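The structure follows.
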Amino acid sequence: MQPTLARSFRLYRDAYVGHPKEIWALAVLTFLNRVGTMVLPFLSVYLTTVLGFSLREAGLLASAFGLGSLGGAFFGGRLSDRWGPLTVIMLSLSVGGGLLIALQFATRFPTLFLLIFLASLFGEAYRPAMSAAVGNYVPSSETGRSMAFLRLAINLGMSAAPAIGGLVATTIGYDGLFWIDGLTCLTASVFLWFTSRRWTRPLPDPSDTSDPEATGRPPYRNGAYLLFVLGTFLVAFGFLQWFHTVPVFLKNAWGLNERSIGLLLAVSSALVVVIEMPLIHVLEKAGVRKGALLSGMVLIAAAYLVYLLPPALALGYVAVTLLTLGEILYLPFNNALPLTLSPKTRRGDYMAWYYMAWSVANIATPLVGLTLADALGFSFLWMILALAIGISFVLLLLLAPRLKL
């Protein structure tokens, strides 16, 4: 037992040590940003209960966030290549934070729509810039581990944010949500400004595997990369149903109450926090990115097929375990692939297209998923999701040589 515990301790230690100080700073920055994310989880409630908008009007206003995130992903990546990712991150956090604070003073539909759109536009520019910054400070062979580290910071922050936000809304009021969300963004921007002055200059990566022939080629002229982005969209469309469609299914079709659904969500978060970092560390050292990506897709598809079986709480835990393990295997390596594939001079541009795929999936997932479930039934939807992920599986197999897998 003792040697096993010692090996486990070393595994966890090795997963966290060795990150350069720049990656640690980016992780702290990410946690500060995400732990303050309080407006978005309560936006629809605020619009309907405090401002008195109808559900339809609240839905239209919430759609401004999706449109803004799409534009933010595009411009955030493009500007990272021109101004540098750190400049874009600081601009995103400072302007986005100011807009979140201003949002509480808007009460009319047009003003709210514009401010929500702009807050999302600037706020989401952060994501491609952050990924481009990671590529500047770690070798290509370690990007998966670094992406997993940032995902850990995101998950820790996002796990705490709704609980803190609910407490703030009920004790201080909704105005407190806007102030805290905005001020944490501004704090994160100041933190980056102070810490980045002591960072080392990005150095050429000796393990860089990006295609030298692609230098200067924009992503929309890179056929293999466009197919990779398409495959990413298909998996994202399937994966994100967990947050939009699955809770409705578990409540209405399987008859689970909110407490049981909440426990299932908690299991997913706990597995990510406990398992992801050491597992990705081991897999990256073993050089099995392709196997991890393919296995992750199989597990995500299998999770939805579990819902074709008769209702049972135990099967709910089986499904969430499969989906979370698939997420752990797929997302860190898939998030890192654009850094490996992109020429250094267009790193932000390539990341922009990658995150645009996720933004489009975020917009399409609730609309298409719930519409299909309503018209054709949940069972049909689960099979469609498995098919979509299966298409992405085949695409990745065919593209593997071009993707350096």
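Cβ coordinates come from backbone N, Cα and C, glycine included.
As annotated in TrEMBL:
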- 22-404: domain 'Major facilitator superfamily (MFS) profile' (DOMAIN)
- 23-46: transmembrane segment (TRANSMEM)
- 58-76: transmembrane segment (TRANSMEM)
- 83-103: transmembrane segment (TRANSMEM)
- 109-127: transmembrane segment (TRANSMEM)
- 148-170: transmembrane segment (TRANSMEM)
- 176-194: transmembrane segment (TRANSMEM)
- 224-243: transmembrane segment (TRANSMEM)
- 263-280: transmembrane segment (TRANSMEM)
- 292-309: transmembrane segment (TRANSMEM)
- 315-333: transmembrane segment (TRANSMEM)
- 353-373: transmembrane segment (TRANSMEM)
- 379-400: transmembrane segment (TRANSMEM)
Mind checking which residues of the chain, 6+ beyond the ends of the transmembrane segment (58-76), have their Cβ under 8 Å from one of its Cβ atoms?
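Hits for the transmembrane segment (58-76): 40, 43-44, 47-48, 88, 92, 109, 112-114, 116-129, 348, 352, 355-356, 358-360, 362-363.
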Counting Cβ pairs under 8 Å to the transmembrane segment (353-373), which of 23-46, 109-127, 224-243 comes out on top?
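That would be 224-243.
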Do at least three C-beta pairs under 8 angstroms join the transmembrane segment (176-194) to the transmembrane segment (148-170), pairs 6 or more apart in sequence?
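Answer yes: the transmembrane segment (176-194) meets the transmembrane segment (148-170) with 3 or more Cβ pairs below 8 Å.
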In this predicted model, what is the average pLDDT of the domain 'Major facilitator superfamily (MFS) profile' (22-404)?
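Residues in the domain 'Major facilitator superfamily (MFS) profile' (22-404) carry a mean pLDDT of 86 in this prediction.
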Is the count of Cβ pairs under 8 Å between the transmembrane segment (263-280) and the transmembrane segment (23-46), pairs 6 or more apart in sequence, 3 or more?
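Per Cβ check, the transmembrane segment (263-280) does not touch the transmembrane segment (23-46).
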In the same chain, who gets a Cβ under 8 Å from the transmembrane segment (224-243) while lying at least 6 residues past its ends?
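Contacts with the transmembrane segment (224-243): 268, 297, 300-301, 304, 323, 326-327, 330, 334, 337-338, 341-342, 350, 353-354, 356-358, 360-362, 364-365, 368-369, 381, 385-386, 388-389, 391-392, 395-396, 399, 402-403.
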Do any residues, 6 or more residues outside the transmembrane segment (148-170), come within under 8 Å Cβ-to-Cβ of it, and if so which ones?
16, 19, 23, 26-28, 30-38, 41-42, 130, 134, 176-177, 180, 269, 272-273, 276-277, 280-281, 331-332, 335
Could you check whether the transmembrane segment (292-309) and the transmembrane segment (379-400) come into contact, where contact means at least 3 Cβ pairs under 8 Å with the two residues of each pair 6 or more apart in sequence?
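Contact confirmed: at least 3 Cβ pairs fall under 8 Å.
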